[in-house]
């Protein structure tokens, strides 16, 4: 009995080893047994158990393939309902697979992005991924606006519905943007660039849309579409931020986790051909380069003495105030340029066009010069690459978004007579009708000019600066050209350009509904311009940065821009009196008044239902339920966080145990004078 029990124990201990060995026909008793007739329940769960059996069995691949073929050939006896479930599961599986293939085929610029990541690293690739996200976001936003505002307005115009008469002083109702008499082609070009003339009274701007007597309430649709547009953009940004946050958490938020992710899961086994393989190798090499550089800077910072740290922190504080001074000077320049431009708005010709574009010129110049000065400051501050990127983004976003706020504040102060709507030029119409007969279209024109000027500047920079620099460096070989060198693709400045452009679009969409379409075309053109200059004029950056943490920060800055644009919309909707001579809200005291007016026109049952939703009887239970769900999610996240921390601690402990065992083995081998085995442990 004792040998039999020992034999049984031996076979039990060696079971996992026998499963790993390749079976031979000579020992049938050691074959792992397999069920050749899976029941309908197994297929019903997508065949997961059967596939798991095949993966865990220690059989040759040829035998596994034969098992799978026999399983597919056998037809189990099932009922009609089970057969229908099986067919439905297989059909859904096929539809999902085909849907993934179609989505993968329709993905914009997939091969181009792979090439960019392989040649210039994940940081530069993250910029183009961000640009692609904005292209898709603007395109779907245009579909939303076109479906609820543009198409109904075209239909209502074609059926010749009557306009609702606007009430107010006759002087407040005067507005005729159409040019009188013969118009030259030269004037058409100026109007196209400035958004005036024939462009002002078109579907592009707010002033063209009117309140018409029909069953479709265009004013209500106009306002609600703007609200849903902002909500749609918010949801898209939050979803993408969640994806970026998951990647950051998965990598551990640091170099160690990122290194493990790159080593064990970074390779793409779908790479076909030498070219794709080389691109992926370069991409991984750039990511590891970033981690090594950050670790080196952390070691240097840890080796500093107390006096050196005090000197470094003092230098950083002083450089911070210098950067704030540069930003304040640029904002003051925008304020002066806006006031001067609005005062000379009546000038015509090229000089008038220059005066109209003066705020855009000053904003663009400040956005170009101040970041260059801040980059020189950053070289003195000696932060790690990721921190340097974040600081550059923060300074640039403060400059760009604050400049936009200064521009809008200056315009609003002139439209509302510095807030004195009951005196001076604003006494008659509650806004400065003499200089701004349709102030909504004027703000839309400013946002239109900022968007168009940004595109023109990018194209001019490509043709007049980047290509000549590359030709100069490649043609001449001296110390000056070697010092200048080919330019690097600076990710923070380019990302902030996208955020600034998108914030301008969000700000002006209420006053220029077709601005998302213009921005979609602009970003598509910008993608190909940046791609061209990247491969033709740029060299791989000497200092790259980790894209996993930067992607989340890019979206956070974009969310900040959306918040600023939302505040602009709320102020325009709730505070400023709409223009009496143009727009769908011309007869209302403010834009928001269309909501209560439409509410009281509903049926009594609908009003009671909406009142109930807004009452305490509905809001308090909803708030309580939301708090319970939030507490549950927070507790779940805390448990998961502790589990992850315990697993990491366990991995570190196991690593230390292995190191201890290796040392003990070496010590024991030296004591016994055993020859070292070539195979290791």
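Glycine is treated like the rest: Cβ placed from N, Cα and C.
Curation does not apply to TrEMBL; its annotations are automatic.
As annotated by TrEMBL, compositional bias 'Polar residues' applies to 1-32.
Positions annotated as domain 'TMC' by TrEMBL: 438-547.
According to TrEMBL, the feature region 'Disordered' maps to 1-51.
Annotation comment: TrEMBL describes 129-155 (among others) as transmembrane segment. Beyond the transmembrane segment (129-155), the same-chain residues lying 6 or more positions past its ends with a Cβ under 8 Å from any Cβ of the stretch are 108-109, 113, 203, 208-209, 216, 218, 221-222, 224-225, 228-229, 232-233, 236, 240, 495, 498, 502, 505, 509, 513-514, 516-517, 519-520, 523-524, 526-527, 530, 551, 554.
The feature transmembrane segment is assigned by TrEMBL to 220-241 (among others).
Feature annotation from TrEMBL assigns transmembrane segment to 317-338 (among others).
Per TrEMBL, the feature transmembrane segment maps to 350-369 (among others).
Marked as transmembrane segment by TrEMBL: 389-412 (among others).
Long-range neighbours of the transmembrane segment (504-529) within the same chain, counting only residues 6 or more positions beyond its ends whose Cβ lies under 8 Å from a Cβ of the stretch, are 109, 128, 131-132, 134-135, 138-139, 141-142, 145-146, 149-150, 203-206, 209, 226, 229-230, 233, 404, 408, 440-441, 443-448, 450-452, 454-455, 458-459, 462, 498, 561-562, 564-566, 568-569, 572-573. TrEMBL lists 504-529 (among others) with the feature transmembrane segment.
As annotated by TrEMBL, transmembrane segment applies to 550-571 (among others). Through the fold, the transmembrane segment (550-571) approaches residues 123, 126, 129-130, 226, 230, 233-234, 237-238, 240-241, 244-245, 247-248, 386, 389-390, 393, 397, 401, 404-405, 408, 412, 491, 495-496, 499-500, 502-503, 506-507, 510 of its own chain, all at least 6 residues removed from its boundaries and within a Cβ separation under 8 Å.
If you look up TrEMBL, you'll see 609-640 (among others) marked as transmembrane segment. If you look at the transmembrane segment (609-640), the same-chain residues 6 or more away from its ends with a CB under 8 A from one of its CBs are 599, 602.
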Overall pLDDT of the domain 'TMC' (438-547), taken as the mean: 85
Composition by DSSP (helix, strand, coil) of residues within the domain 'TMC' (438-547): 85 helix, 4 strand, 21 coil
